[in-house]
Structure formats: C-alpha cells, structure tokens
Amino acid sequence: MPRLGLILNDGKELALKAALSIESKLEKSGYEVVRVSSSGGMVGFANPDQHMRTLGYNACVPEGFDPSMKLAIVLGGDGTVLSAARQTAPVGVPILTINTGHLGFLSEAYLPDIDKALEQVLASQWEIEERTSLVVSVMRGEQRRWEALCLNEMALHREPLTSMCHFEISIGRHAPVDISADGVILSTPTGSTAYSLSAGGPVITPDCPVLQLTPIAPHSLASRALVFSDLEPVTVFPATPERLMMVVDGTAGCYVWPEDRVLIRKSNHPVRFIRLTDHEFFQVLRKKLGWGLPHVAKPEKY
C-alpha cells in the first residue's frame, strides 16, 4: 500500500479538523497515511548543554518517513512549512503545502481548494520545485554542539539590554569581513523575502545559486547586504563578550557563546515543493507582498 505523509500544526483546530478529513479521503483511495505534528521539526533549548533531541538534523525525520514515501501534505502557516521542511528534506520527501494560517507565502494551495488539489495529487499531476537549504552548526573547537537544517535564514543577534555585537565573518577563501551591528542574517534565496527583507536585504529569485549576508541595524554607512555563491561555506566568529541568540527559521535556535563559532554551508538535501500550477515568483511577490503595485490609483479610462 503506498504511503503519504500528513504534517500539521496540531495547535490549530482548523488544521486538525482538515487533517482528519484529508486522512479519511486518502485512506478510502487506498493510501496508508502517516500523520505527525510539525512540532517534531522544532529544535531549540536554553543552551547548548541541554539538548531536546539527538544531535544531528536527521533526528527531525518522523518515524515512517523515508525515501519510499510518495509525498507529504503540510497543513498550517509558513512556520509549519518551515518545520515540515526540516522533517522531510533529509529523506527527499516532497511536500504539498496547504495554508491554514495568515500570509501563506510558502503555500501552494488554500483549504477551499483542497479537493481539487487532492485530485491532482492522486493523479500525479504535479511538478517538483527544489529550494536550497542550509546546514547550520554551532562548533566549539572540534566539537559540534548544535545543528539544524535551514530553509529561510539563520539570524545571530544580541539579547535585550546588551550592547552592539561585533562579528568576524569568513566566506570561503575571501578575506574576513568585520561587522558591527545588532546581529547578522545569513539567508537562502527563499529566505530573502523573510527576515532579510525586513532588514533591508534584496529579494532574490529562488533559482539563483547564491546566499545572502545581511547585517541587522549596522552602525556603519558602508555595511550593506552581500550576495555570494552558495558554494562558499560561511563561518561566523562572535567577537563580543556576551552570549548571543541564534534563531533558525523562527522554529529552531540556541545560545551562542564567545568561544563558539557558527558554520553555515549549503545542504545536500534541498526542500522539494510540489507545484500544482505555474508558480510564477513575481506574481507571488505581487500578491503576497504588494511588489510592483502602483503607489497611487491610476485614473480610469472613459
């Protein structure tokens, strides 16, 4: 019997109700359904000495999810999709994202369209779009103390009531970069429309093989976002006496101490999104973020 996954934000009553209905329909169509919570993709703890789960990003993969699974349906908002990406990318399971949240920038369909979407899925009328993911590791000497997959961004920033941060950042074999700011963001093209955008970074189309370094509130007129090849590994050395907070995709994170360093590299496990229709990126930007809309209404023609 073919298997399908069902990942949901079980803290939302709407998502849970929809999941039960979808599960029933799929089982009647002859599929085995493995239903799990998106909370399994969250990786966080108070400090690197208090792990919530086994170290290593493969630990987020739910039981029953493996490369033989046809696909997984994700029910929730963008945060749920980010967690689900961490649960599915290591085993290459493609995800169909159904929005039950607010913005739904990463969603392919909405709940009112679920019946039509299921028909296309069961008829295999879909394509795969692969998005770059990153591996984020916290190192102390040669010891790996924390690790997670990242679809959007890694943000490393100061805690409240602490001073401005200083960072030395090494990108591949290039000369190190010194940045003084409240923090730094290292993002994928997918993440260029998230936190990095709010910090003044440019929008990057998803098919570009690049990464982006964006300072958060830099204390310099010369410190701006930098775009570079995604083949370049990045190392961030905190040069500040206070501990820092690291947040990955808003659903994972830990503290980073002065003696630690953060390694970021492109993952061998892209996130595989199912596309049911033509997913034209500029149209998504226009619809979700208002890109390219006129600032004033154009007069009607009579």
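The backbone N, Cα and C atoms fix where each Cβ goes, and this holds for glycine too.
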Suppose a student reads Swiss-Prot and sees Asp78, Gly79, Asn152, Glu153, Asp182, Thr193, Ala194, Tyr195, Ser196, Leu197, Ser198 listed for NAD(+). Which of Ala59, Ala89, Ala217, Ala222 should they find annotated at that same site?
Ala217
Among the recorded positions Asp78, Asp182, which residue has the fewest other Cβ atoms within 10 Å of its own Cβ?
Asp182
By a simple count, how many Cβ atoms lie within 10 Å of the Cβ of Ser198 (NAD(+) binding site), its own Cβ left out?
11
For each of the binding-site residues (Asn152, Ser196), count the other CB atoms lying within 10 A of its CB, then report the residue with the highest count.
Asn152
Run through the Cβ atoms and count how many others sit within 10 Å of the one on Ala194 (NAD(+) binding site).
23
